Protein chains: 2
Amino acid sequence: MLLSALLTSVGINLGLCFLFFTLYSILRKQPGNIFVYAPRLIDKQKSEQQTDDLFNLERLLPSASWVRNAWQLTEEELLSISGLDALVFIRIFIFSLKVFAFGGIIGICVLLPVNYLGSQLSIDDFYDLPNKSLDSFSISNVNSGSKWLWIHFCAAYIFTGVVCYLLYSEYSYISSKRISCFYSSKPQPHQFTILVRGIPKLSGRSFSEVVETFFTENHPSTYLSNSVIHQTSKIQGLINDTEKLYRRLARIKSENRPQPKIRREGFLGLFGRKVNLFDHYEKKLEDLEDNVRMEQHSLSGEEVPAAFVSFKSRFGAAVALHIQQGVNPTEWVTERAPEPQDVHWPFFSASFIRRWIYMLVAIAAFIAVTIVFFIPVVIAQGLANLEQLETWFPFLKGILSLTVVSQLITGYLPSLILKLFLLLMPPVMILLSSMQGYISHSQIEKSACIKMLFFTIWNIFFATVLSGSALYQVNVFLEPKKIPSVLAEAVPSQASFFISYVVTSGWTSLSSELFRLIPLVCSYIRRLCCARRDDDEFEVPELQYYTEIPSILFFGLLGVTYFFLAPLILPFLLIYFCLGYIIFRNQLLNVYAPKYETSGKYWPIVHNSTIFSLILMHVIAIGLFGIKDLPLASSLTIPLPVLTLIFNEYCRKRFRPIFNGYPSECLVKRDKEDQNEPNMAEFYDKLVTAYRDPALAPVQLGRNVDSHSAPLLHEQV
Amino acid sequence: MLLSALLTSVGINLGLCFLFFTLYSILRKQPGNIFVYAPRLIDKQKSEQQTDDLFNLERLLPSASWVRNAWQLTEEELLSISGLDALVFIRIFIFSLKVFAFGGIIGICVLLPVNYLGSQLSIDDFYDLPNKSLDSFSISNVNSGSKWLWIHFCAAYIFTGVVCYLLYSEYSYISSKRISCFYSSKPQPHQFTILVRGIPKLSGRSFSEVVETFFTENHPSTYLSNSVIHQTSKIQGLINDTEKLYRRLARIKSENRPQPKIRREGFLGLFGRKVNLFDHYEKKLEDLEDNVRMEQHSLSGEEVPAAFVSFKSRFGAAVALHIQQGVNPTEWVTERAPEPQDVHWPFFSASFIRRWIYMLVAIAAFIAVTIVFFIPVVIAQGLANLEQLETWFPFLKGILSLTVVSQLITGYLPSLILKLFLLLMPPVMILLSSMQGYISHSQIEKSACIKMLFFTIWNIFFATVLSGSALYQVNVFLEPKKIPSVLAEAVPSQASFFISYVVTSGWTSLSSELFRLIPLVCSYIRRLCCARRDDDEFEVPELQYYTEIPSILFFGLLGVTYFFLAPLILPFLLIYFCLGYIIFRNQLLNVYAPKYETSGKYWPIVHNSTIFSLILMHVIAIGLFGIKDLPLASSLTIPLPVLTLIFNEYCRKRFRPIFNGYPSECLVKRDKEDQNEPNMAEFYDKLVTAYRDPALAPVQLGRNVDSHSAPLLHEQV
């Protein structure tokens, strides 16, 4: 790739970004788009909305006020509106900006000139910049055995040191935030509760009795209550039907027609006796509600050997959580309880061994999906070529013979298919993770995030770099001795691809995140088809960390590995992270609202991913110095990954436990503060019912459309 | 090796064994050898000893009564006299006997005939058994591509299944024993105590106060007391001197000479003023005691940031142990307290990070020692050849020129040097393990046991099998794809070496264990030189699990890997395990007494080692079927190691937690039982001082020679 081509691409993409930004700054001011661009502010603004409907000129002028708003948001505000997870998410950008600002200075001021002064590749005109290949700016251009390579060697050491220092201070900062958030939090049900699985079956006694006996025996001073989990997927289905029907009824009611709607009783409402639609639905609803009540009553016997056990203090819950309870470690397995609204109810029935097998199967499936991902993609791309399309859809022949169309198809169809398959992946990962038997949505998403990260690194980085069949890639990793030299050959040669990947894929994904094209289109279609439905089914979206974090970390990986290979990538990455910082702050302020909280548990993933990137860079450096006839530098680089791993191990010891639970010092302190709290008795009352399965709550559609009463507790307390 | 040669070797070694046994059965009856052969019965027999001194003929007749005694020992008796560790040790033999009895039946009745009927190696006379090579009985003799190999394939599957079943039932048996031992144990200080390290330094307050405040704050209902650890290596040295002097004084006193011993004051007692020796020592002793008291007083300020913290209940101690205490995980690090007599005092001063670095260094040193072990051995062997000896010791020239002597030297010197280097290893491993910062002797020994096991497997199995330089061996493991075929080539060809290794090294080590040659010789020398010293310095030896267990497990590994390669090894292994079973039961009954207890924590090592042996066998099988042109069998063997690893993982989940701690169910039950115990108040009083450093105990040599008052507590309670 030539420098001029890169600059053209940069220009086009910058233009596109500005176009998106302008459009956004106009569209967000249109009151109709408030559901798309500011759903989390809806409650606040509902009153103003009506007055805003008036047309004024300012609404059509682009403005940068959103940038100012996003910039001015302080960390405390962010923490209060979106929780610690959002803060951690923004800290990823801040951390990356620090890393690549430092890396960029060294890379552009020191490494780039050194690379450019080499003569391994180019013997053509030194000053003919536009026609220079991008490779002239990469380490490939430095002559073999050149003493200049020691500069790269030093840069690798210094960069690693700085990144490790930043990693340490960031980990330390986020752990202190986590503790201070805990101190400032109100009493919440999940702090007082654990989940117990593998309750042993005693003949003639219900699980609830067994749990009661066991915990009053072993934790007499702290045990409060338990709620055994029931198999409720059938009831849940019935309740969903009921709710749907109720909503339809409510809509009919709200339409307030003078003459009642009438339809026939039979198939599809076409045959049979004519009935009043309202009466018909009301009767059906009553039937369904009766059904639900009957099922709820009869099902209370079908208990699952798992229960949420609540304690009178946080410390009591932690004690029961951390100490093995039963003699058999596969019974009385304790686990931290998620927030009530975070519970993933369907998976409680599986036994210890079954869950474990599910987990193994899920991991095996994940590995299989990751390794053979390219096979269906290649097949689909093969099927979607020009001739095939002409055979399948002969009527398209005329259009396909146009040069523009055929170029578009051959040029964009394969990458479109790849994009579509890639878009399929996050849901697939969520599916695999939920098979693993996690009990909360947040755990599932965290696990999916790790899976997506592996998947991205494997299928975008290694697949591009090694550019062979899946089996060839696997083979490389079965011969560990060859890895450095293979990578050192392959990685630098893909530098220009990844630079343009940052510019095209990175920048575009950010501006489309801001513009929210798909929700925008959906919202227009909905408004065209069925006006006024928005209010009913409207839900504030949540930021999908498991799709965003892996892609951001992947750009970080590119930056770290290419830092000394092709420093030209760094300015583009810096722009990416700056844009991301502003855009995501804006989105967190206006669009997304958190449903549940992991309290910063995503940070260890970021830390580990960065360590992996560093090690990958070191391995490439070892191979590269070997290839460039500098065996001494190659050997002297070996301590670098070892030191990095030791640093990582130290961080794991120093910070990781803070992310797994809270220390007794904090727990006891909070418990003591609670003793002076006047409304703790009320809180305990609510705690007893906090973890009731929503499917077993009494049906009260008449008063409250949403029968999930448990999730509301969180805000009430 | 020919069959006849093997039989000769077996005959010689059997003869040697019987000779040792006969000698043992006679020597053990001699009253003078009671310190060698029955030290643990000494207290009991001291009264009888005098009458026994009379000569009678029976004392000179060999008898097998010891075998009967050892055989009749029940498990309960063993448990009561030697604790759970001894029981686990004996269970290794029982487990191995079960495994190899089953393996032996299949191997000898099925595999051996199949191997012998093959014709890959031997085309000579079928019936000329004595001159058959041992390889005719191994899998090497089966023709390539032969259908008979499927029998080996089935045998591998069946054998793995049976071993896994036995592993499971044994793990389950030992965990239940561990729990029942806990239930039946008296209250012991280490059950109520934890060790806390990394106590933060607060200005103006001693560590003891900091600990006191922290635990009364966070564990108000269960905290009992703390004893901060001091740096006492200097005092310990002084005390040792004092003790030595006291003993000498006591001996002089007991000699009761009419005229007092007199010697000069000066250098070596040769010059200076004549003094009464008794008075001289007494004065010196008083000085030393004053010195110790002064040091003890002045040192109480030099605290180390570590303390033993005792609680009022076992559950309270477990709570503090399992929950992270401080916000910073590197402070307030808790650890299970060892038994008071098990504490390894010297290593408490090291900080968190320093201990961690020590550990890394120790592991690196261990790997280095293991890999380069053969280099000094080979050098020493090279130096100790005939010419070298002649150059160094010219006066030996005459003797060395004799054929017998030169043959002896060239034949035995190299293997003697190897043996000596191998004997050096257990102390080296103990040294490395104690560098790792363990706080108890038992932990150090357990860690040394694991190290010795690795060392043995690497330096005896892999070094013999791969028989190349150390670097070549390491190289093989850097190319994982080649491992199966390399091993499959190399392992079967060493079958005859390992068969004779079992017969010579295995059987001999057992009979020398029984005969206790070195202690016997030492005891004779001591009796010749200085009569009556035995009683003073006599200590009952303890069984050194860290040298015995690795060698037994190594024979197990040989059995498992050679089970289907060369089943001829199995009968000899069976004899080894039978002998070991009887001999070690006898030794545990008469010779060894446990000083401290790990409560069965050696079993997981046995389990893991067996799993490793199985996997090694599977890897060899995969390679072998490949070499023997049976690729289908080779591929079908791949699930076997995977299934074995899954089984191992299941066992780890099912049993491992039981060996790490006791569940709250047991703890609470025992605590409740204690509440009815009348003398708990007394126990608590003793608990407060149980973990006082022996060096800081008041010097009371006048009344009690051994100033280690803490260790006595265990028996007193």
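Note that Cβ sites are derived from N, Cα and C of the backbone, with glycine treated the same way.
Residues or ranges marked as domain 'CSC1/OSCA1-like N-terminal transmembrane' by TrEMBL: B:5-170.
The domain 'CSC1/OSCA1-like cytosolic' annotation in TrEMBL covers B:191-346.
Feature annotation from TrEMBL assigns domain 'CSC1/OSCA1-like 7TM region' to B:360-625.
Sequence-distant neighbours of the transmembrane segment (B:6-27) (same chain, 6+ residues past either end, Cβ-Cβ under 8 Å): 33, 36-37, 59-66, 130, 134, 496, 499-500, 503-504, 507-508, 510-512, 514-515, 520, 572, 579. What TrEMBL lists as transmembrane segment is B:6-27 (among others).
Packing against the transmembrane segment (B:88-114) from elsewhere in the chain are residues 78, 137, 139, 142, 148, 151-152, 155, 158-159, 162-163, 166-167, 170, 173-174, 543, 545, 548-549, 552-553, 555-556, 559-560, 563-564, 567-568, 570-571, 573-574, 577-578, 580-581, 584-585, 588, 600, 602-603, 606: each is 6 or more residues past its ends and has a CB under 8 Å from a CB in it. Under the heading transmembrane segment, TrEMBL lists B:88-114 (among others).
Per TrEMBL, transmembrane segment is recorded for B:148-168 (among others).
Residues or ranges marked as transmembrane segment in TrEMBL: B:356-380 (among others).
Taken from TrEMBL, the feature transmembrane segment applies to B:420-440 (among others). Proximity of distant same-chain residues to the transmembrane segment (B:420-440), defined by a Cβ-Cβ separation under 8 Å and at least 6 residues beyond the stretch ends, is recorded for 195, 335, 338-339, 342-344, 347-348, 350, 355, 358-359, 361-363, 365-366, 369, 373, 376-377, 380, 447-448, 451-452, 455, 544, 546-547, 596.
Taken from TrEMBL, the feature transmembrane segment applies to B:452-474 (among others).
TrEMBL lists B:552-584 (among others) with the feature transmembrane segment.
Under the heading transmembrane segment, TrEMBL lists B:605-627 (among others).
What TrEMBL records for B:633-651 (among others) is transmembrane segment.
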Same-chain residues at least 6 beyond the ends of the transmembrane segment (B:633-651) whose Cβ lies under 8 Å from its Cβ atoms: 149-150, 153, 156-157, 160, 164, 167-168, 171, 607-608, 611, 614-615, 618-619, 621-623, 625-626
Outside the transmembrane segment (B:148-168), six or more residues from its ends: residues with CB under 8 Å to it: 95, 98-99, 102-103, 106-107, 110-111, 114, 117-118, 139, 142, 560, 563-564, 607, 610-611, 614, 617-618, 621, 625, 628, 630, 633, 636-637, 640, 643-644, 647, 651
Spatial neighbours of the transmembrane segment (B:605-627) far in sequence, C-beta under 8 Å, 6+ residues away: 88, 92, 95, 139, 144, 149, 152-153, 156, 160, 163-164, 167, 170-171, 446, 449-450, 453, 457, 483-489, 491-492, 549, 553, 556-557, 559-561, 563-565, 633-634, 637-638, 640-641, 644-645, 647-648, 651
Beyond the flanks of the transmembrane segment (B:356-380) by 6 or more, those residues with Cβ under 8 Å of it: 350, 417-418, 421, 425, 428-429, 432-433, 435-437, 451, 454-455, 458-459, 463, 470, 473-474
Taken over the domain 'CSC1/OSCA1-like 7TM region' (B:360-625), the model's mean pLDDT: 85
